[in-house]
Amino acid sequence: MSENVARRGFLVGGAALLAAGCTSNEPAAAPTSSAPAPTAAAGGNDQPGDRVVIGFSAPAADHGWIAAIAKNAETAAKQYSDVEFKPVEPTNDINQQISAVESLIAAKVNALVILPNDGQQLNQVALQATAAGIPVVNLDRVFPNKLAYRTWIGGDNYGMGVAAGHYIGEQLKSKNVSNPVIVEIQGIATLPLTQERSQGFADALKEYGFSVTAKQDAAFTVETGNEVATSLLQAHSKIDAMWNHDDDQGVGVLAAIKEANRSEFIMVGGAGSANAMREIQSGTSVLQATVTYSPTMASSAIKLARLIAQGKGMSDLLEKQVPQSITLASETITKDNVADYMSLGFES
Amino acid sequence: MSEPTKSQAPVGEGRAGPLGATVPALRGLGEMRHVGLIGALAILVVVGLVTRPDNFATASNLISILSLAATIGVITVGATFVIIGGGIDLSVGAVMALASVWATTLATQSYGPVVMAICAVIVGTGAGLVTGWLIAYGRLVPFIATLAMLVAARGLAQRMSDRKTQLIQPENSALVDLSTTRVLGIPLLVYIFALVVVLGWVLLNRTTFGRRTYAVGGNPEAARLAGIDVRRHTMLLYALSGLCCGIAAIIIMARTTTGSSTHGDLYELDAIAAVIIGGTLLTGGRGTIIGSILGLLIFTLITNLFILNGLNTSDQLIAKGLIIVIAVLLQRRNLKERAP
């Protein structure tokens, strides 16, 4: 069985390499302006060290957030003269991603950063990489087997819901609203991450004695956000607060709210796109806050992979080695602090 | 479609199409079918009135249903023509996405909203012409040619947009006004939808082009013998479908304030389902625009009812699947009863 997989992997991997060679690396003539790169923290760890090759594999960008992940990883790698960045063609096909990672293992990179399409299904190939002596930095979607990776870094979906719930809870409490109508627009409902976000949201609201009145799922796209919001606004003639899980689909949600000419409620977004931040900054939008699930984690993952490959630790910590797991906090961006976050926002 | 009388019927000129002999019966059947569809709509309306008496029958909810239906509605008109003409167009959603992306690149946006709208229409029609040409003159099977266009147009849209959501710039907000400006309380885009339906109906029922569409779909060989340029007509049908996708792109841009390669995902299935529920035969030669639009409204109403009642999307899909099966079963029974 494994022999079979390896043989097929060899064939497909070769093809993937060829395809990558033909199609990638074209300078992206981006029609929208891109966010400035997050600046590297100054410190001894940023001084050039041993030269390392870092392989990178992520799903294909069909979404602003994933696009930002790939861009951030590349930008972070380019800041270092001692890093050779080796991305493989992004794909949404599990099979192809397995082959792509196998090709990076065969190329004997010094470290791997992998955002798997599905942690469960790429667990095996991550184990192979680890067995081949290549440290794997697991980005966001976690591999179930801890032997499969050296370090995990990712966002906190539950915490994101909690942050949104606290913001809405506090706002409504301060206005003395009783029995508020709180609606929630989810992303793809079947994903565990969506369920965690909703759970966190419900748990935080419970602290204030509130609960979600209605929730509906969209599919992380502008169009589905627009469709769901249009009908949801019809279903509830008066709303007190709305949490939309995702700023990409939020563009469609905001368009629906404008079309319906509604402004009686507060809206909170999710992820932290540049567009959402501009809305928050304007002060005239129903969108008053967004809770981050920042794609800057890809920049950090590259930095961690570099440190691991060079055998360094994180300079602010006492330990000699990089920690095994890093969960990012979901930060709440409001009008008061939006200026600080503007440079980290991603274009959806 | 194996009615022996067909090939003997005079084709081409005047009202006597290949279906000339059966037109009265067909018309009756068409009305019968519409009664069924209107009955189904009425049932859904009653469900809405009972479950959400205060939210359902409001003017604003009806308008939002029509706005929701507008995008796929326009596409459905084009799809009806293609399917009556004996073809199928799987590329509609992707072509609409491509048109929306092309029309919202910063380069296009610098020319203003009118050029953006024209650009969307040209891109849609152009893509339709290409698939139509491949099918009519390149002898590709419609399923394959439009599948190829689906994949390629989606890819081109992703490449052009760099997979980003392209916002309509503030100076071009006139395009967004199509969605927010209301005349007699109804958004402009609903008027566009209505206009496309009316024009489509006239084109199909009151012009030579329409009669030829039925002829080509019903029996291409007979149509050819009757002097219809079947290839040219087939190509034009796909161009018409592309044109509708371009118009749909304008509507989706107005509604979402964006152009994106993710727009129109799986629209082809919704459009084809609406056409089938509306009583158009997938084998071609028969069908009505009104039926397709009623079919689409049934779908949109289901979505609306599910969201109003806070039910989840999975159940919605099951309901839609059941409706497709029931609709087709009923049509088959109708056809059998009609058979001599």
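Using the three backbone atoms N, Cα and C, a Cβ is placed for every residue, glycine included.
Keep in mind the model is a prediction, meaning the values are calculated, not measured.
Taken straight from TrEMBL:
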{"type": "TRANSMEM", "residues": "B:32-50", "note": "transmembrane segment"}
{"type": "TRANSMEM", "residues": "B:62-84", "note": "transmembrane segment"}
{"type": "TRANSMEM", "residues": "B:114-134", "note": "transmembrane segment"}
{"type": "TRANSMEM", "residues": "B:140-157", "note": "transmembrane segment"}
{"type": "TRANSMEM", "residues": "B:183-204", "note": "transmembrane segment"}
{"type": "TRANSMEM", "residues": "B:235-254", "note": "transmembrane segment"}
{"type": "TRANSMEM", "residues": "B:289-308", "note": "transmembrane segment"}
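With respect to Cβ pairs under 8 Å, the transmembrane segment (B:183-204) is most closely packed against B:289-308, considering the stretches B:32-50, B:114-134, B:140-157, B:289-308. For the transmembrane segment (B:32-50), the most Cβ-contacting stretch among B:62-84, B:235-254, B:289-308 is B:289-308 (pairs under 8 Å).
Among the stretches B:62-84, B:114-134, B:140-157, B:289-308, the one making the largest number of Cβ pairs under 8 Å with the transmembrane segment (B:235-254) is B:114-134.
Here the listed stretches are B:62-84, B:114-134, B:289-308, and the one with the most C-beta pairs under 8 angstroms to the transmembrane segment (B:140-157) is B:114-134.
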